[in-house]
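*Asks:* Structure provided below as structure tokens; questions to follow.
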Amino acid sequence: MAAATRGCPLLGSLLRLLGLLSAATASWDLASLRCNLGSFCECDFRPDLPGLECDLAQHLAGQHLAKALVVKSLKAFVHDPSPTKPLVLSLHGWTGTGKSYVSSLLAHYLFQGGLRSPHVHHFSPIIHFPHPSNIDRYKKDLKNWVQGNLTACGRSLFLFDEMDKLPPGLMEVLRPFLGPSWVVYGTNYRKAIFIFISNTGGEQINQVALEAWRSRRDREEISLQELEPAVSRAVLDNPHHGFWHSGIVEERLLDAVVPFLPLQRHHVRHCVLNELAQLGLEPRDEVVQAVLDSTTYFPEDEQLFSSNGCKTVASRIAFFL
């Protein structure tokens with residue numbers, strides 16, 4: 001064969017190409033096998049932590065605690081080649097303060113496909129668990145979904161939105177996946193990330209922020225130690241929260257409770273300017289002012305915090321353009 005190929009350069013090139021393709025296919029099959037085993041698979045996990053940190057600094061208004069906690073937790077987890085448990089974060093705060101925005105940024109900067117990655121799983125109670133009477137089926141389906149997807153790819157992200165509206169008892173099926181065990185149901189799951197989002201604890205966070213303002217303390221002086229106990233207690237005392245009697249909080253399976261502070265008028269202005277920039281529009285003072293003036297604020301006396309945070313900024317801009 002060697003003599004034949006020396007006499008025919010084209011045939012030799014073709015055979016070399018077929019050899020490369022064969023080697024590539026064998027390599028792909030091995031990678032696929034390892035991916036199916038779970039612990040070897042990185043899938044489309046491509047963390048860009050500097051990009052995430054920069055985006056948070058530029059676009060997340062008024063959330064010094066959330067920025068610091070999220071970045072610190074992710075750096076420690078991603079840089080650990082063999083974490084002892086999954087990363088579990090619980091985001092709490094008033095509506096429109098940036099919880100869903102941060103979760104979308106995490107997907108964007110951790111996975112090549114962002115929210116469209118097959119390894120990013122977003123659960124909504126209204127869409128996925130609408131009927132509490134079907135709780136037994138939901139528990140079985142959720143367990144199988146998490147287990148199956150972690151078997152396919154150990155680097156998976158699970159986002160649970162509106163934890164306040166989940167059927168009670170559903171989250172207890174996740175408890176085995178969140179702890180420091182090596183293997184659950186035959187699956188190595190310690191490189192997974194779980195994010196839980198809820199408004200529970202928002203009133204307690206707002207009260208701490210209001211008292212700080214009344215005491216003339218800088219907002220950035222508010223510490224996690226002031227907020228975490230009150231938020232955790234609000235979760236434990238809320239029978240409508242997804243963590244109710246799940247054991248997740250009681251067994252300290254959360255790596256961080258991430259509080260989101262209520263937004264003041266200048267934070268809303270920041271959101272308006274960001275939205276205009278994303279639309280490719282110059283900031284027009286009359287539009288910015290109109291959005292700020294049409295936003296409602298609380299408490300009634302101080303008119304300090306936006307009732308909807310930045311949630312309605314985009315629709316208000318469209319109205320006033």
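Positions of Cβ are set from backbone N, Cα and C atoms, glycine also.
According to TrEMBL, the protein has these features:
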BINDING   Gly93, Trp94, Thr95, Gly96, Thr97, Gly98, Lys99, Ser100  ATP binding site
DOMAIN    266-320  domain 'Torsin-1A C-terminal'
SIGNAL    1-26  signal peptide
*Asks:* If you count Cβ atoms within 10 Å of each one, which of the binding-site residues Trp94, Ser100 comes out on top?
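*Replies:* Of Trp94, Ser100, the one with the most crowded Cβ is Trp94.
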*Asks:* Other residues near the ATP site, CB within 8 A of the CB centroid of Gly93, Trp94, Thr95, Gly96, Thr97, Gly98, Lys99, Ser100?
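*Replies:* What remains near the Cβ centre is Tyr101, Asn199, Gly202, Phe260, Gly309, Lys311.
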*Asks:* Can you tell which of Gly96, Gly98 has the least company, meaning the fewest other C-beta atoms within 10 angstroms of its C-beta, among these binding-site residues?
*Replies:* Gly96
*Asks:* In the predicted model, what is the mean pLDDT computed over the domain 'Torsin-1A C-terminal' (266-320)?
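*Replies:* In the predicted model, the domain 'Torsin-1A C-terminal' (266-320) has a mean pLDDT of 96.
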*Asks:* Which one, from the binding-site residues Thr95, Thr97, has the smallest tally of other C-beta atoms lying within 10 Å of its C-beta?
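*Replies:* Selected from the binding-site residues Thr95, Thr97 on minimum Cβ neighbours within 10 Å: Thr95.
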*Asks:* Under 8 Å Cβ-Cβ from Lys99 (ATP binding site), six or more apart in the same chain: what's there?
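*Replies:* Correct list: Leu91, His92, Gly93, Ile197, Phe260.
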*Asks:* For Gly93 (ATP binding site), what is the tally of other C-beta atoms lying within 10 angstroms of its C-beta?
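*Replies:* Summing over all protein chains shown, Gly93 (ATP binding site) has 28 other Cβ atoms within 10 Å.
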